[in-house]
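The compositional bias 'Acidic residues' annotation in Swiss-Prot covers 948-961, 1197-1208. Residues or ranges marked as compositional bias 'Basic and acidic residues' in Swiss-Prot: 1121-1131, 1146-1156, 1167-1182. Per Swiss-Prot, disulfide bond is recorded for 667-816. If you look up Swiss-Prot, you'll see 209 marked as N-linked glycosylation site, on the strength of experimental evidence. The region 'Disordered' feature in Swiss-Prot is assigned to 1-29, 458-488, 940-962, 1114-1285. The region 'Required for interaction with tmie' annotation in Swiss-Prot covers 696-720, 766-773. Among the features that Swiss-Prot reports, site 'Required for interaction with calm-1' is placed at 160, 313, 780. The annotation topological domain 'Extracellular' is assigned in Swiss-Prot to 203-260, 382-388, 456-667, 810-852. Annotated transmembrane segment per Swiss-Prot: 165-202, 261-292, 350-381, 389-416, 421-455, 668-705, 725-745, 749-771, 786-809, 853-886, in sequence order.
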């Protein structure tokens, strides 16, 4: 209250005494506004007016503003408050719905006030305000500068100006994916890669020896590590890099002082990345949901308005794109019109149905073919040293080809289906999405099958600890004194199969072994490990060891030769135990005798060369002879060393072709990581190739060949390449799914993906601006942004399933990765929990984690989810119902407002009201309202007009002689002609009260009254009925009485007995609403609307008939010969009104002031009495048909007749009157003996006499009507009328 009083005082202070009328109206409006509760806009509005709106006003009111309402100078607090108000005005100015001129003027005034008064508070305060101002400017400048730091913002804006916001949404989505991958990469780098690298940089000798096999490439692989095929396979140096799983050590802790658990960190980082991805996607979807407009229901209500007024893209800055957008809007409008006109059930077409079935069969066959190709490629993929590029990379090549080629084939197949363009687009997107999903699932299953085979192979070679130690050392640890060159990791069975399948024996005529008497032993020409140069063979009398592996070592292979026969010293025959040798030698051989051979002495080495055509590759073998072991009864052999070169022929199948030889052990996690990284890389290459071939080369061909080609290739086929936003977004989603899938096996895969996405950003942007055109059918990003994010969320869920299966079910590799020490991947978490949690609590946790508790919890969560879905569905339905209710109420309120304002109803509303009113109209009333009656019913139907008992007393002979009733035109008045505004009935008592009076300004002649310039609606009989002659013996009396107010409830109470008796059911509803009426055309003909003609509710439609331009006509009875009674009389003045000039402004102002004057009305009843005449008097009578429940009898008394005689004496004392009928009162006749003819007055929408019934001005007036008057009443607080004397 104090604030309101202060504002009021400010208004008084700043209001000059010599203000003009407009300024006073402003201050009056402000005073009215101050009395109510002000909103923020009102406060700002008052502040602006309180401090003035012009510079002159500010200069003149400075002295007054420096004082408060008491005249005292303003205190510092008050001045600060005013300064705060001004700052609030400046801060909220941008949000005001004002014109720009007013905003600038207000800003200027507020700033000027602050400049003048801020220094008066205190200098320190002024400095603080200046600092705040500078800080705001810096903040704003920094916010503007940040826009330049957003990556690719200018490129995206340029694309948006040429192609619109739909195409730019793809690049915005791509940029968001890049940001997400950058965050994932930072998480992996900080918590996994960086600790491992730091630990290696300060590693001691023990850690170096433990991790050397994982982090350093072996010497045999270093030779080929820089070859293109090895690098393309992500092998060589890349395999032993932090890119893959196998690089990381399995030490429980890193560092001595700061113990960092890398296995636990690796596990938790994987979970954190998936959680962050979920959070980022859901947060983006929520932001889009908040920013989106809930225009679904609105678009359904106003289809064409939304498409027309919101279909334009204001970001377009290119003329060609603008013309394309115009055509797109036109096409959408045509499609909407076609959809509206299209029948619900289209005609069945057999050919079209057959084509659609055939197209779906082809698409399903292509999906099956893609599944077969992926499975076949995964199963047959091998890492080879030779072969073409496709055989080395079958899996990524096949998957990328299917991803890029099949969607284009789907698009071509979809054209034969002849769907609606919008339906065809959605079907194509659905098929592409199904293709990506099927390929993804197939690839996962194929990789898991391959992984299972690799794990089984690893498990078969790790049956004992000795085998595991030998496999881990692999023969290449220089710190160990062993092993010999033939140390093997292979299994005995595998080695035997390998040798049996890949070894060819020499065919010689002589014996294969030669025994010399002088030598203690015999050396076979074929023995020892394969492919070893300069062999040193040792014959042992011990157990044969068959576990070995061949290695590719040393320089180039030596040529094939056959050693010359030699003689050896004799020896005693006996058993010779073999430690090693080829499969051609049995374990124990007994030589009974020796066959002497010719001895040839040569100096070693002996080199002989022979040629074998089927040989594929040469291998050199070195054999070393050492001390022999002693076994059983075998005799000791002499120590000797034999140097010889032997060559063994190997078939093509014996060449090393699998990946087992590239590493000392099989690390299946790294192998899967390599496959996924190759998929991502191959997808980038295929994307670049598709852009070059499909977009660039096609664009060049069309540009330079369209002028001379045999058909129009620019507009028909192949056209310029379209940038398909939806397909490209699905491609990005598929690529991101691969990243999430391979994240566990390759921690730095998101970094590679960032490089790929950046390349895509630039090459796609270049292709769009150079080669592409906007697509004809647009899948709008504004409506489908959450659709894309929803697909991305589903893809993330699909990626978490296989990774979760690996973590929960698979056993890690024993020789690589951070989980090599554990039985399962999740064991690292369980062990940490066991270390840090009490056993009692741990037992409870185990019980809770048991299936007996987890399964019910899962079921309970499913029920909760179902309940929430049901709740959301119910709320959505309730929201729909509320929207429908709001729309209905809005429509009804609009209709009421238009009715109150005199608006018209449209055809639909009229028909609806007509249908509603039929439920409450009696049958006799419906017959009376038939449209043909106003044209063809020559005489009033007594059966339909009235059922009054007094009508039977009327003399029927009076109908023989009739006289037409005519009405004189109205007298001209000094008011401008204007159209009468028709208002609907409003159920209040004030609608029946007349508030205006009009002075009698009849001319001295009084013969002719010109027609008024108004369009008045009159529900009455037709012209033919108006001109029917009536009997001259009958007389017509018009009774005038004061208006009696009747509420709608009273009218319903009067109608209820009749309706219950008529229909036999209790009447429940009254008159729901009174229909409005429309004004007639300029010819002033009565309304012919059947629903309003002779309607019983028309009384309330026009409750104010004494408008300022309206004067009731006077009905005069004329003496006419009986012979002339049937003759129709017309007057030119009845057809068209006389010309009346518009009144001047002074006349209109005087008339308005005269209308505002308040004059008490006559409350006495006046009647019109017919003057006595000799003989038969001819009267004009009209009997419109009236329903039973709306008929009123108007009668007069002798006192009224006498009063009429006194009122009609002088011409100057004649006053106009209005025929007003009370809907609930019937006046009984005063004298029954007197012959009277009653006029059954009908409740019409206007009480004025229609122009069709205007009397002939040439006839003598026999009836003089009193002036139009009505009692003046006022209303109390209970809405009850009270008459004013």
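Every residue, even glycine, has its Cβ placed from backbone N, Cα and C.
The two recorded residues, residue 667 (disulfide bond) and residue 160 (site 'Required for interaction with calm-1'), show a Cα separation of 48 Å. Taking the Cα of residue 816 (disulfide bond) as the reference point, the closest of the recorded positions 160, 209, 313 is 209. In this chain, the transmembrane segment (165-202) lies in contact with the transmembrane segment (749-771); the count of Cβ pairs under 8 Å, excluding pairs fewer than 6 apart in sequence, is at least 3.
The stretches the transmembrane segment (786-809) and the transmembrane segment (725-745) are in mutual contact, each linked to the other by at least three Cβ pairs under 8 Å (pairs 6 or more apart in sequence). The two recorded residues, residue 313 (site 'Required for interaction with calm-1') and residue 160 (site 'Required for interaction with calm-1'), have Cα atoms 10 Å apart.
Only sequence-distant pairs (6 or more apart) were considered; of these, fewer than three Cβ pairs between the transmembrane segment (165-202) and the transmembrane segment (668-705) are under 8 A, so the stretches are not in contact.
Highest Cβ pair count under 8 Å relative to the transmembrane segment (668-705), across stretches 261-292, 350-381, 389-416, 725-745: 389-416. Only pairs six or more apart in sequence are counted, and the transmembrane segment (261-292) with the transmembrane segment (725-745) gives three or more Cβ pairs under 8 Å, enough to call it a contact. For the region 'Required for interaction with tmie' (766-773), the DSSP-based tally of helix, strand and coil residues reads 5 helix, 1 strand, 2 coil.
A separation of roughly 58 Å, to the nearest angstrom, links the Cα atoms of residue 160 (site 'Required for interaction with calm-1') and residue 209 (N-linked glycosylation site). Of all the recorded sites listed (160, 313), 313 has the fewest other CB atoms within 10 A of its CB. Cβ neighbour count for residue 667 (disulfide bond) (all protein chains, 10 Å cutoff from its Cβ): 25. For the recorded positions given as 209, 816, the lowest number of other CB atoms within 10 Å of the residue's CB is seen at 209. The helix, strand and coil residue counts that DSSP assigns across the topological domain 'Extracellular' (203-260) are 23 helix, 2 strand, 33 coil.
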